[in-house]
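See below for the structure under consideration.
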């Protein structure tokens, strides 16, 4: 009888092992299962993803070039992307009259360049924000910067939804896991948290634009948080554009006092989320 029990026990154990193996294989082979991120040294995009990104880039470039061709020939040598405070001073002197005489063309070109740079994560939009302040003043400059930055961030969000997962998993795997965990904790008050991130320099805006669709942040939450949350930092940058002579570098924009104010505003916005979590734990 002992050998019968042993035989039956081995059979049951083997059956359970086989069932567990089937369950594991089913979960791994499921199309909804998340695949591990490609964080090796290989290029993260497939050929089709690279072709899609290249097509969008070419379309944007053709649009910018078409706008460039509509400008007067005598202005061709003036336009270039500013890369320093001194570049902005030179551009301001040359573009002030052009912006007044050809306001529609200038605005169209400015918005197109800003959105293009935001979409493809090209650094330097802060110089365009300073330029807007130096030419248009605070009110008009802030509205222009927030409008173009929101459209550019939204365009980056939509492009990232198409091809962003392998890129951000390749560039910032640890930061992405941290961001995903923080979003999971704050699903019920997600707008407050996104506003906090936009107002404060807790995470780079480029990372937020690229990672938001990957961690399933709804587009309407992303759009509202971006359009509202960018006002404080845009005001600081645009207002600094009125006093370019006093600026030595971009670092002068965000001194300790400015950072404290931004974090104070962000803390007030995220306070309801913290209080709700405290009540939940109690």
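Note: Cβ is positioned from N, Cα and C throughout, glycine not excepted.
Keep in mind that TrEMBL annotations are predicted by a computer and have not been checked by a curator.
The annotation region 'Disordered' is assigned in TrEMBL to 14-35. According to TrEMBL, the transmembrane segment annotation covers 50-71, 113-136, 142-160, 221-244, 256-275. Annotation source TrEMBL lists domain 'VTT' at 122-241.
Most Cβ pairs under 8 Å with the transmembrane segment (113-136) belong to 142-160, among the candidate stretches 50-71, 142-160, 221-244, 256-275. Remote same-chain partners of the transmembrane segment (256-275), defined as residues 6 or more beyond its termini with a Cβ less than 8 Å from a stretch Cβ, comprise 186, 189, 192-193, 195-197, 199-202, 232-233, 236.
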